Every structure is written in C-alpha cells, then in structure tokens.
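K.L.:
Here it is, the structure, as structure tokens.
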Amino acid sequence: MHLKEILAQFSFFTAIPVKSSASLEEIAESSYISPIIVGISLGLIESVAYLILYRILGELTGIVLLGIIELLRGFNHLDGLLDLGDALMIRGNREKKIKALKDVEVGSGGIGLLLVYLSIQIVALLKLDFSLYTIFYLISSNVLSMSLSLYILSTISPIPESNLGRIFHDKLKGKSTILLLELIPFISLYNVIVFIIFYMIMYKICGSLGGSSGDIAGASITLSFPLFLITDEITNLNYSLLSILCYLFSHLH
C-alpha cells in the first residue's frame, strides 16, 4: 500500500486538505482500505474534539460534534442523502426517480429524510459522555458505516446513469469479503443485525432505482452512522473485540 493511495482515500472521502493526484479509478481500486484508514482516523479526530469541547460545553458538546462530523465529511454524503430522499418520494416509473436523484434542487423528500437523519444523529451524539467508551463508539460507527456503503457498491450493480457507481462496482468486485472481514474487530452482535437490516432496505431501494450509485453510498454512510452509534451506546459494544479492548484499557492501573 503506497502513501499516494492512502492520501487519495482521505481526499475523496473527507474534507481533510490533502493533495492527491489519483484518478477516480485508482481511488476506487484501493477504496476497500478506507473503512480502516479513514474510518479510524475520523473516529479519533471526532473523539479528541469531543473530549476537549466537553470540558467547556458539557453535555451540549454532542450538538457541536454534529457540525464537526459533517465538516470532516465535506457535506458530500449529506448531499447524497438529500438526493435519495427526493427520489424516494417520487410516485412513478424509474426514469422519474432517477431524474429526482440527479436533480440539484432539494425537494420535500430530501428535507424529510434530512430531518430523520438529524433526529437520530442528535439523539446518538447527546448520549455520548466523557469516557473511554466514546472513542471506541465513534471509531466503530465510522468504520461500520463506511464498510456498509462500500459493500453496497461492491455487491449491487450500479444504475447506468452513475459513472461513480460503475467504477466503484467494477473495482470492488471480489473484495466484498475483505470489507466484511474488516468489520470483525469493530462490530458487535447487535450491530450485525443493524448491518443486515440496513443492507436489505438499501437493496430494496436500489432495486426500485435500477441499481446502486454514489448518492446511495453517501446516503448509506450518513444514515447508518447514527444507527450504529446509538446501538453501540445502548449495548456498550457487547460481544465485540472493541468491548474487550475497552474493558482492558479502563481497568489498567
């Protein structure tokens, strides 16, 4: 793995200012590493920001962290969420849904899905506290949400209109197993259930649209992140390797 490939993942999936000359094909080729490299990095940055700001803002830090999370992502995935919301609201044939998916204007469906996301995200972030578990929660949720979105792109054929979806699908063929294996240290038994249910829902949505796309992948990252996070918080990462690691760290003297 070369430094160029690593930097390319940060340049594509985040708003972190790194220079990369990699093409979209090169980024897609090595994107299977992004859940580990980018996901863990984002989780650590968000954790440090939360723990520092908690000393000043207390329990309200979760609201500020929402802005930090979206800034780190560059609002790119949020755009996919809005587009998907508009497409889901369309009653008609596939062509009308695709037109809504590609439309730059935001309709009622996009606003509605945004409100759903914000509601879940705010609840999840306000449940965080000043503890070691917060670090592991955020790392786990970032890794899982990125892995899920790439797994969708790798296993569901893209819509003809999505160049990004086509490239990622072609480059990730045969790597879906790797994406699942990467999850093992970070996923709890309960989030396995969340992963499966979310994938089944997106599979159904992709079926109505004719395939996957970059917008669907972005929406999947955005929506699944708070779901994974709130599940981790409720279950304390039970039955995961991270929970064992967290327990050992918290009991070191």
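These residue numbers are counts, starting from 1, taken along the chain as shown.
From the backbone N, Cα and C atoms, a Cβ is placed for every residue, glycine too.
Heads up, here are the entries from Swiss-Prot:
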type	residues	note
TRANSMEM	33-53	transmembrane segment
TRANSMEM	106-126	transmembrane segment
TRANSMEM	132-152	transmembrane segment
TRANSMEM	178-198	transmembrane segment
K.L.:
Report, as numbers and ranges, every residue of the chain located at least six residues beyond the transmembrane segment (178-198) whose Cβ falls under 8 Å of a Cβ in that stretch; write 'none' if there are none.
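P.N.:
Contacts of the transmembrane segment (178-198) (Cβ under 8 Å, skipping residues fewer than 6 from its ends): 32, 35-36, 139-140, 143-144, 147-148, 150-151, 154, 172, 220, 223-224, 227-228, 231-232, 234-235, 237-243.
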K.L.:
Quickly jot the same-chain residues contacting the transmembrane segment (33-53) by Cβ under 8 Å, restricted to those at least six beyond its ends, or write none.
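P.N.:
Beyond its ends, the transmembrane segment (33-53) has Cβ neighbours at 1, 5-6, 9-10, 12-14, 61-62, 64-65, 68-69, 72, 128, 130, 134-135, 138-147, 150, 179, 182-183.
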K.L.:
Which sequence-distant residues neighbour the transmembrane segment (106-126)? Criterion: at least 6 residues beyond either end, Cβ under 8 Å.
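P.N.:
Apart from its flanks, the transmembrane segment (106-126) reaches 59, 62-63, 65-66, 69, 78, 81-90, 100, 219, 222-223, 225-227, 229-230, 233.
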